[in-house]
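*Asks:* First, the structure itself, so that you have it in front of you.
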Amino acid sequence: MAVSAIIVGLGNPGPRYAATRHNFGFMVLDALMERARQLGGAPKATLTGRKDLEAVTLSLPVLPGGAFAQFACVKPLTFMNLSGRAVRAALDFYKLAPTDVFVLHDELDLPLGRMRLKRGGGNAGHNGLKSINQELGSPEFVRLRLGIGRPEGRDVAGYVLEAFRGDETPVVRQVVPAAVDGIMAFFEDGLETAQRRVGGFDAVPPPLPQP
């Protein structure tokens, strides 16, 4: 079965960053892999031995009649600012186009508890997206934007590398499975249907601490 798309979770490697806001994409990708296991499309390691990425293939029942399609799920291990190199390597290996890439990433311009789905567009200051755009030579990949909120009067670079606060954790736990539902909806029903599903989700976040 040929891989039909590459799903990329953005984040930084290593336990130090595992629970940080910048690793929201990794969190959702992990949940997608668990969903695949539950549905009978267990992930299998691929592209083994590489130092720039981790990758698995998995199957999801998103075709008519509940038939399975195969996807590659990729975590860049290059650190955020060089994510595009890993995505380019996976794209070349599977001989797919930039339009076959689906990226999961944290989004400062949305509050925690909200998501948006789109194809193409700018990078909104996100260095991972900037790197992917540069390496692929095209912005026409799909992005699932996972809101983390923008802090007032604080350094953004430090904020994204902090772990979610304890009072934010219940919201994160709601967002992650809803994001997986959105991914499934995209591959099952297309962009517009998935946009409505993702855009209609709203988990109320706690207020941001004042500086």
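Using the three backbone atoms N, Cα and C, a Cβ is placed for every residue, glycine included.
In case it's useful when we look at the structure, here is the feature table from Swiss-Prot:
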SITE      ASN12  site 'Discriminates between blocked and unblocked aminoacyl-tRNA'
BINDING   TYR17, PHE79, ASN81, ASN127  tRNA binding site
ACT_SITE  HIS22  active site, proton acceptor
SITE      ASP106  site 'Stabilizes the basic form of H active site to accept a proton'
*Asks:* Can you tell which of ASN81, ASN127 has the least company, meaning the fewest other C-beta atoms within 10 angstroms of its C-beta, among these binding-site residues?
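*Replies:* With the binding-site residues ASN81, ASN127, fewest surrounding Cβ atoms within 10 Å: ASN81.
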*Asks:* Enumerate the residues of the same chain, TYR17, PHE79, ASN81, ASN127 excluded, that satisfy the criterion Cβ within 8 A of the mean position of the Cβ atoms of the recorded tRNA site; list them in sequence order.
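*Replies:* Apart from the listed residues, the neighbours are ASN12, HIS22, THR78, MET80, LEU82, SER83, GLY128.
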*Asks:* How many Å lie between the Cα of ASN127 (tRNA binding site) and the Cα of the residue listed as 'active site, proton acceptor'?
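*Replies:* Rounded to the nearest whole number, the Cα-Cα distance is 11 Å.
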*Asks:* State the three-class DSSP label for ASP106 (site 'Stabilizes the basic form of H active site to accept a proton'), counting H, G and I as helix, E and B as strand, and everything else as coil.
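*Replies:* It is in a strand.
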*Asks:* Going by C-alpha distance, which of the recorded positions HIS22, PHE79, ASN81, ASP106 is nearest to ASN12 (site 'Discriminates between blocked and unblocked aminoacyl-tRNA')?
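*Replies:* That would be PHE79, nearest by Cα distance.
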*Asks:* Between ASN81 (tRNA binding site) and HIS22 (active site, proton acceptor), what is the CA-CA distance rounded to a whole number of Å?
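*Replies:* ASN81 (tRNA binding site) and HIS22 (active site, proton acceptor) have their Cα atoms 11 Å apart.
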*Asks:* Of TYR17, HIS22, PHE79, which of the recorded positions has the most Cβ neighbours inside 10 Å?
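*Replies:* Max Cβ neighbours within 10 Å, all protein chains included: HIS22.
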*Asks:* Which state, by DSSP, holds PHE79 (tRNA binding site): helix, strand or coil?
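*Replies:* Looking at the DSSP assignment, PHE79 (tRNA binding site) belongs to neither helix nor strand, so coil.
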*Asks:* Checking the spread of the tRNA site as listed (TYR17, PHE79, ASN81, ASN127): what is the longest Cα-Cα distance, in whole Å?
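*Replies:* Of all Cα pairs among the recorded tRNA binders, the widest measures 16 Å.
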*Asks:* From the Cα of ASP106 (site 'Stabilizes the basic form of H active site to accept a proton') across to the Cα of TYR17 (tRNA binding site), what is the distance in angstrom?
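*Replies:* With the alpha carbons as reference points, the distance is 13 Å.
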